[in-house]
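J.: I'd like to ask some things about the structure below.
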Amino acid sequence: TQKMAELLGLGDKCREGALGAPSLAGSCLADNRLNLDVYPDGCCRFLQLFEGRRGEVVQVEFLRLSSNDCLLGTTLSILPHLKHLKSLVLKGGHARDEFGLCQHGSLTSLPPDIGNLRCLTHLDLSFNSLSTLPSCILHLPSLRVLLVSHNSLVALPEDFGSLSKLTFFSAMKNQLKDLPQSIGELAVLQDLDLSENALEFLPEEVGNLHNCTELDLSGNCLSSIPDSLANLKSLRRLHLHSNLLVTVPASLASLPNLSRLDLQNNCLRAVPPEIQTSPFVRLRGNPLGETEPSPQADESRAGGLRRLFLASGEDSFTVTSEGCKVVLACGIHFYFPPGAASDPLRIYFRTLAPDPQCVKLKHHDVLLSRALELQPHGVKFQQEVQIWMPYASPQTLHQREVVVRTFSGQSWSDLRTRLEQKRKSKKHVAHCSVLHFSWFLVVSRLVQNECKVPTEGTLLFSSVDPNIKVTFPPGVTEETRSVKLQVLPVSAEEIEEITADAGCRVSPLLCLSQDSLVDFLRPVRIQLPLPPGVTGLNLDQSRLHLLHGDLEGQNWDDITSQVVLEFTHLYAVFEVTHFSWYWLWYTTKTYIGGIAKKVYERLRMYQVNFIALQRKKDPEQVLLQCVPKHKVDPVLKKLQDRYRGPEPSDMVEMFEGEQFFAAFERGISIDMDRPDCVDGRLSFIFYSHLKNMKEIYVTSPVDRKGQAVKGQVSFYRGAVPESIPEDASRRRKGPDSLWLATLPIKLPRLKPRWRENPGPLNGFSFPPLNLGNAETGYLTQANLLSIARRVGADWQTIGLNLGLTYQQIERIGYNNREDLDKQILDMLFSWAQQNSEDPDCVSKLITAMKESGRQDIADEVETIIELGRQKYRESIRRVGLEQECSTEDSAIAMM
């Protein structure tokens, strides 16, 4: 047995080679493999190699190319010449759009001559645009592993069963509605994944897959399953969750090797006793015991709707015409009323870390949630779907409002939102209704007043300050247009602190906008309150300035001499024909525009401090966080029991959505393979109401056996947010101006332990482990060893949260007394060995770490899985070679 990862992976020498250089050809072709999907121009490199070293290229046995490559079509015509090819990966998903979504490859078919590759045993065409399975695939006599997941297949060929040597087949996330009867002819098939399709029924011939050990039919539209499934005597895991099942055959309970039967989130109102009492059956999310609703039931009986409770690892569910209620693990709720979907519809969802490139915030907006993506995009529901999104409650809603913002495909818009608070959890949620699915997030914005302006004219008030009003006279427009008004109050204390001028006063900032590019036909009359402390009686008009600003706050012009200002005891009144931003200033200064630009910039910024704390039980665990100034003391008080470290940094100022980096220096380093690591530095995005926190594991290349390492972590500015004033942008350029703060980090002297010079498992011997499943990625033995190094004294708490009994914990502690490292290894690897067959074991490990207060380890595990799922760095984990033919027996490709 060999690892196909070693066969398919590009060696170190290969990575060092240049485009078309002899080092690339010599080092790659020497092992009869080419892994070119890691290069954006991989097909170009392949064509150059084929042109220059054809004799060597045609001997290649393992080839990986990206189907996002623009030269893929030319490359495909060459592939039939590779007669010795055993493994071919033509996978999409390597390119991403502006929202970070994987773009499917351009592959829609294969050349017919591909069917002549008689040695080909492994074919991966995932993340492409296939609508039909290329017919040449059926002529591959040695094919054992076939992956066509994340395509657009609507059917499989009727003679699909001719692939007689197939042992692994994955067609997850396609659009399959039925299966050919010939599928029962796949006599040696061991693993069949048809999850997240549109299957409505299964042929009886599925029961002929006698060697099948895992069958995944989750996320389809099945209302029943054939009794013939009881013939699958080799079956170990059967996934049927998130379907429309109303009944299941009792004979499933008699399958001798079945260790998992997942029936969650179906329509089961009754389950055979043999199944309901089985310890390996999962039934959550079914209306068990409920009576069938009458056809005359109306929407007032929403309490009788099917309820779906989705676990953290699930990313889809099915909605039928009967409607349902859905609760995601992250706390987001949905209500699909009866009739919202006329036909069964598969809904996909995911929550995304906010990225300034796709999350566009307006000036003075505050982000309060992660981004939620719902698919399919653009599908129109027959009735409005209700969404409840939890959000980080701002300290005050005075003069601000919370809204749900959605993306239409071209621009962001705000939805009518109602704010609620959960009775039990006291969490704040934003409630909105939609007819289409897209991206959603919760923001806090300045209160917005709007109205329609007809030809007859109208009046618009500010709800923040009723003294601010805009009067539209009759004849102001030929066609009705929409106008919006927002007000930014500015206190006298803020102005004095920023300008250092006690005599300077300003009015609220008035922001006006409209949906028309045409100026008004008649002057619009605007009333603004005079600055605080200024009245019509003591007004010195030479000190009063009316400023006009553009819609980005970049330029402020003094237009006092261009308009006619009228004064009352409390107000200034003037007329304009187009909308912009208006601001009254009362000061002795002369050049007001430059001062206003700097003041406006400062009003958008937040005063923050950086903290760097080390876990008391394990100083190699470092917590980094950027905290708004007013939250520093509560945050430190919450962390002081488990962490210690230096005082917070000096105060600095940052914009909402601004990027910054943390760099460990002077003998301290981190894992450079982290997805959030850029040029050796950790990347952060500052959002004032979200947790700008990361807990990471640090190491030192310095020998710590003799002395401690006194290092530091420094924080630097990163990308400048769009549309900030020029002065602010200029201050963020140059090496000196990027530095923000530096805090000390001290790693104590190490005692001689297995962490410095460990054996494979410090004396323990376990069979090779791969925790997880093929589509979500694996945790390997090496990953677990890395995790074990970070557990420390929390091992008992973690073990209990993983499900170990107190007796097991005590026995592990006694058997490995006086050796903490062996206790950790014994606990973690024993649990892993017992749960290696459970596809949910990775999510259980993450949950246990979070419940044990080890968010840092939970983040590491999620990072490993994310790398496996999105970057495809370890595409194939294991392949078995039959002695008689020396070809692959089975392999599983990671996403």
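Here the Cβ of each residue, glycine as well, is placed from N, Cα and C on the backbone.
Heads up, TrEMBL stuff is auto-annotated, nobody curated it.
Worth saying up front: this structure is predicted, and the values here are computed from it rather than measured.
Taken from TrEMBL, the feature domain 'ZU5' covers 313-446, 447-588. Residues or ranges marked as active site in TrEMBL: His436, Ser438, His578, Ser580. Here TrEMBL flags 780-865 as domain 'Death'.
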J.: What number of additional C-beta atoms lies within 10 angstroms of the C-beta atom of His578 (active site)?
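T.: Step by step: centre on the Cβ of His578 (active site), count other Cβ atoms within 10 Å, giving 13.
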J.: Would you kindly give the Cα-Cα distance separating Ser580 (active site) and Ser438 (active site), rounded to the nearest Å?
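T.: Each residue's Cα considered, Ser438 (active site) and Ser580 (active site) end up 31 Å apart.
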J.: Hey, how far is His578 (active site) from His436 (active site), Cα to Cα, in Å?
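T.: Just about 34 Å between their Cα atoms.
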J.: State the Cα to Cα distance, in Å, between His436 (active site) and Ser580 (active site), rounded to an integer.
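T.: The separation of the Cα atoms works out to 32 Å.
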J.: Looking only at Cβ atoms, how many others are within 10 Å of the one on Ser438 (active site)?
T.: 16
J.: Average the per-residue pLDDT over the domain 'Death' (780-865) and send me the rounded value.
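T.: Average per-residue pLDDT within the domain 'Death' (780-865): 80.
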J.: Which numbers of helix, strand and coil residues does DSSP report for the domain 'ZU5' (313-446)?
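T.: Helix, strand, coil within the domain 'ZU5' (313-446): 0 helix, 64 strand, 70 coil.
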